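Asker: Annotation source TrEMBL lists region 'Disordered' at 1-25, 115-148, 235-262. Under the heading compositional bias 'Basic and acidic residues', TrEMBL lists 7-16. Taken from TrEMBL, the feature domain 'Fibronectin type-III' covers 29-120, 153-242, 265-319. If you look up TrEMBL, you'll see 137-146, 249-260 marked as compositional bias 'Low complexity'.
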Amino acid sequence: EEPLPSEEPHLEKPKTDSPASEAPPARAVLGELKVSSVTPDSVQLQWSVPEGSFDSFTLQYRDAQGQPQSLPIDGESRLVTVPGLSSSYRYHFHLYGLMGRKRIDHVSTKVLTEAAVPEQLPLPSVEPQPEEHKPEQPQTEQPQTEADQGQVVLGKLRVTSVTPSSVQLQWSVPKGSFDSFTLQYRDAQGQPQALAVDGGSRSVTVPGLSPSHQYRFHLYGLRGRKRIDRVSIDVATEEPQPENPKGKAPPTEATPSEAPLSQAVLGELKVSSVTPRSVGLQWTVPKGSFDSFTLQYRDAQGQPQALPIDGGSRSVTVP
């Protein structure tokens, strides 16, 4: 946990250096970072912005394996759910408020996740119940929540593309709206994984998968911290094919998806800042618009990493 905290003093003290650049944006200030809920595998955090406003936020923490993780958050948000955590583990969360690509303010909090409850471990066995709203106790609350919140409903989860190492999924929200979504699945080693998805998104790309493996994906629609609805789908990734680079899979995948989206074009990806532990990237969209972006890379250990980015963003800091 040391590298992350070591950034804190540099952030909070630079306020003496940064007034020059930060004074014009009306002194944006972050309020206290509070824990609003804790489960064995997730934490919900909440904050305020008593002064000014931020373009975006970044939540950073280290997972149970000590690997740095980062969640980009929209500037309008005041809460975030961090899924895929380990039970009975103490996490140190750092929330940064950004203006453009500059970190203006920072708040932290430590949270201990709850002990594992046997019923929560098997994702598949829990899945049918949220849909049927039957046996599990938490589900007795959810129908009431749906009624109160005007019948928010998730449409069918569909597969839009499959490769040996990734899957793209799409869904609709025929009634109401959700604050956010969480996509959960188990990796090839059986470890639970989760992707936090913005409430305005209707598609997500899941990278870093194993070829020729059957996955079961569960998409939850959330209102605040409550899971209101859920849809699931089983998908098998493709076999690795040496011929792919020569032209079999790419044309079939790329042509249909690119043809309708011929108006949407990405500009050059530029490096806007580099430190020993982070990189700031910037891009443009000269034509059309995108629903969302995904930044993929491999870490120093060769593990695939992915950052989901809002479609309105034009920059990201990779910590």
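Any Cβ shown, glycine's included, is placed from N, Cα and C.
Because the structure is a prediction, the values reported are computed rather than measured.
So that I understand the layout, could you describe where these features sit and how close they are to other parts?
Answerer: Secondary structure of the domain 'Fibronectin type-III' (265-319) per DSSP (helix as H, G, I; strand as E, B; remaining residues coil): 0 helix, 29 strand, 26 coil.
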Asker: Take every residue in the domain 'Fibronectin type-III' (153-242), average their pLDDT values, and give the whole-number result.
Answerer: 89
Asker: DSSP on the domain 'Fibronectin type-III' (153-242): how many residues come out helix, how many strand, how many coil?
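Answerer: Reading the DSSP string over the domain 'Fibronectin type-III' (153-242) gives 0 helix, 50 strand, 40 coil.
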